[in-house]
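Undergrad: Got a structure for you, questions after.
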Amino acid sequence: MSTLLLVALLASACATQYGQSLDDLPKIVDNSTAASSVEKYVLPPLPYEYEALEPHISAQIMKLHHQAHHQAYVNNLNRALVELKEMQGKEEMTTKDKIEVLEETIHFNRGGHINHSLFWKGLAPAGSPQTSLQGDLEKAIVAKWGSADEFSTALFRTILGRVRGSGWGWLVCNVDTRELLFATTRDQDPISLPQLVILGIDMWEHAYYLQYYNNKQSYLKAIWAVLNWKEANERYASCLKHTSISS
Ligand SMILES: [Fe+2]
């Protein structure tokens, strides 16, 4: 794969103005090291304190998850993008293996940055108004699954059955059909159009192991208490208004 194709690959993840594309995430211009300035992605602050989700998700997990794991995806993405920029114009000296490794590095860390940015905004302190199922999303869930309990049972069964090893569980909305669906992805693979993320649940061990060990069911029950349904309902409204990509 040529570096030009790599650039096209990055650009093809079109912006959704929604947080689901790199183009939706904030960057800063770094003039500190390079001869020419470089745009860098930045770690978004959490919309709540690290201890805000206790006792369901401990402050220790939240701090490590945000400051160490998410920060690492951002750092590694920025480093790989600088390397890609440096390769441009020197294609004859670039080996196929090096390009493939760089492509995989960008794909993995791009997904890690996008997925975690969506994840943090999809959570809220238990008992806050955001954590009540609400709006058109509540109506759509009840219409399809019968009740919130039946929905959560089906969602957890899907995630526990399909995510083996590290990955993510999702509730998505198809912008063509407006249908709500469950999805799972491996590693840090993100959701892409025509699907928009409504809810995302991190199933990597770093998200739960310090508190729940190998008990993924208990972790999912804990996450259920801190899901930000206000945010999810707003995402669903975006899906309902989204212009179909196949029209
Ligand atoms: Fe994570």
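Heads up, the Cβ atoms here are built off N, Cα and C, so glycines get one too.
Fair warning: this is a prediction, and the values are worked out from it, not measured in the lab.
Reproduced below are the annotations present in TrEMBL:
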type: SIGNAL; residues: 1-21; note: signal peptide
type: DOMAIN; residues: 40-123; note: domain 'Manganese/iron superoxide dismutase N-terminal'
type: BINDING; residues: HIS65, HIS116, ASP202, HIS206; note: Mn(2+) binding site
type: DOMAIN; residues: 134-235; note: domain 'Manganese/iron superoxide dismutase C-terminal'
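On this model, are these features tucked inside or out on the surface, and what's nearby?
TA: When DSSP labels each residue, the domain 'Manganese/iron superoxide dismutase N-terminal' (40-123) comes out as 62 helix, 3 strand, 19 coil, counted as helix, strand and coil in that order.
When other Cβ atoms within 10 Å of the Cβ of HIS206 (Mn(2+) binding site) are tallied across all protein chains shown, the result is 14.
Over the domain 'Manganese/iron superoxide dismutase C-terminal' (134-235) the predicted model carries a mean pLDDT of 97.
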Undergrad: Any idea what DSSP makes of ASP202 (Mn(2+) binding site), helix, strand or coil?
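TA: Assignment for ASP202 (Mn(2+) binding site) reads strand.
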Undergrad: Across all the protein chains here, work out how many other Cβ atoms are within 10 Å of the Cβ of ASP202 (Mn(2+) binding site).
TA: 24
